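Presented below is the structure to which this report refers.
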Amino acid sequence: MASSLDPWLKEYNEASRLADDISSMIADRGSLPQSGPEIMRHTSAIRRKITILGTRLDSLESLLARIPPKSITDKEMHKRQDMLSNLKSKAKQMATSFNMSNFANREDLLGQSKKADDMSRVAGLDNQGIVGLQRQIMKEQDEGLEKLEETVLSTKHIALAVNEELTLHTRLIDDIEDHVDVTNSRLKRVQKRLAILNKRTKGGCSCMCLLLSVVAIVILAVIVWLLVKYL
């Protein structure tokens, strides 16, 4: 029976606890808002821990390959290989749910080297060295997250400025429409007044013509009467 002080078993137990921690964080993620800095930080922390889990799995694979052939039985070796395979499958499933579709390509998240390079970084490191490497990875990802947060905030400020500008233009357009409506109403009133004045003017001309006709008839009648009287 393998000793509890066995380096491989100790590393495996730590990796298994990390996997359980990631599963718990994934479950908690459903209670967070669908957008915003909080969900971004939580998701980034999950992805970071998945990457760290991948580093531990590489360490386990390296440690397992370096175990002397006769130090453990074949049955124990197969058991450990199955344990490592199951843990890898669980890690890959969690990575896939976060669009890390191929867990072997987790270097895309780190933005550094390929899996072979990761193996070379882990190879020869003791537990303290692996912890130091994990801290370095966490620091690099924290810096990346801070830059991403700065970019998001900058984009938010630009969006707010554009929104304010659009609001101002909308108000100006509304004011212009109001002025056009007022001017149109005034124009209609003026047109009505002009129409009424035109009708009155036409009526006045008719009366004047009638009056002039009457005066002309009277004058003509007077002239005829004078001619008749004195001739």
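Just so you know, the numbers here start at 1 and follow the chain as drawn.
Cβ coordinates are placed from backbone N, Cα and C, and glycine is handled just like the others.
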Per TrEMBL, the range holding coiled coil, considering 61-88, 89-116, 145-172, 173-200: 173-200
Tally of residues which DSSP labels helix, strand or coil - the domain 'T-SNARE coiled-coil homology' (135-197): 63 helix, 0 strand, 0 coil
